[in-house]
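Notes follow the structure.
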Amino acid sequence: MHRLINRIRPYPWGARTAIPRLLGVEPDGRPQAELWLGAHYGAPSTVVTPDGAFAFADVIAAAPADMLGEATLRRFGERLPFLLKVLAAEAPLSLQVHPDAERARAGFAAEEAAGIPVNAPHRNYRDPFHKPELVLALEPFEALCGFRDPAAARADLEGLACDLAGVLRRDLADPDPHRALRAAFTRLLTLESACERDVGEFVAEWKMAGAGAHHDTIVELAERYPGDPGAVAALLLNRVSLRPGEALFLPAGNVHAYLRGTAVEVMASSDNVLRAGLTGKHVDTAELLSVVDFSVLPIPYSGPVEVEGRAEFRPGVPEFALATLGPGPVETRLPGGAPAIALALEGSADLVAESGDMLTLARGESVFVPARSGRVKVRGEGHLVVATVGLAPGGAYGAAAEPAAE
């Protein structure tokens, strides 16, 4: 087992104290939005070994079967398929969606063929992988997630006299929910030159129209991003409030925006994000609309399965699963045979691997558990999260055992 040194992403929407508090360091006054734990090239962790500190990818490349296990290696090649993050949002993130695996491969290949640098601001696909993700609230966490019933959105527009409200009511009156949402969302994202005026008129009326979570969210977004139709698009989405310990699973095509709060995220190791608005970054409306899922579905809460003293979130994707241990007394044994990353959120715990490795993990510390470590006994008092590859039907790690169908 190897301790990790992790990197922080200072995005402007980030909170200033949550991640420093976790790490036990003094805040420096700057936003600290995400703590990345993994091998993704965007902010790879450093792996501390008896021989020194090395880049995560280099450690894997030196002994891929030992680090990843044969099943993970067969499925994903010589790369860690998941990425763990701590996300601390003080302000809303962009309205965004992630592509499915097929679209990610095709989009990446097309941009590579076009010679667009992978770090170019207008690049859509920075790698050929999809990016399903699971977000687990550590404190009250607010988000927009997936499309709501168009009839409910239409009802919220009653009484508004501005032109934009009128055309949205007509779009949302279509008896086919999928068609209604596509028409309304597309209209908002493709408003012509009068966009800022139309959005301004809408928001001015909306402020006077009522109260509630949707009302307040649209007002807040419009104040942060004046004239941005993404603020109005929030009307079409579910407004979600997570309590600590609750989670959402966000599959490909799900339009979402995190609004505020601190959470743990685990995802397929990718940085492919298509943005719809509420951002100063690149927006490719046509590409985004080609991957959006306009289905009206229940809010995608993800509940855990209790297994031997831990709660496991199994969203059914091969790249990742997430386990939580605690808060409180912790005693469990983690299945072996696959790579894992553990992070202590509170307290401390002793980890003892079948391979003979032993270490104590304290608040803010993290460790990479190679597949060769075998099963790991965890005992202590605190709160830990453990990310690993997907879980097989029997609950054992290594759902990646099937050959890739890619």
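All positions are counted from 1 along the displayed chain.
Cβ from N, Cα, C; glycine included.
Bear in mind that TrEMBL entries carry predicted annotations, made automatically and left uncurated.
Binding of Zn(2+) is attributed by TrEMBL to Gln96, His98, His256, and the same site annotation extends, among Glu70, Glu133, Glu223, Glu287, to Glu133. Looking only at Cα atoms, Arg275 (active site) sits nearest to Gln96 among the binding-site residues Gln96, His98, Glu133, His256. Classification of Glu133 (Zn(2+) binding site) by DSSP places it within a strand. Across the domain 'Phosphomannose isomerase type I catalytic' (1-148), the DSSP tally of helix, strand and coil residues reads 38 helix, 43 strand, 67 coil. Mean pLDDT for the domain 'Phosphomannose isomerase type I catalytic' (1-148) in the predicted structure: 97. Figure note: comparing Cβ neighbours within 10 Å for the recorded positions Glu133, Arg275, the maximum is reached by Glu133. Candidate binding-site residues: His98, His256. Fewest other C-beta atoms within 10 angstroms, His256. In sequence order, Val255, His256, Ala257, Val273, Leu274, Arg275, Ala276 make up the list of same-chain residues 6 or more apart from Gln96 (Zn(2+) binding site) whose Cβ falls under 8 Å from its Cβ.
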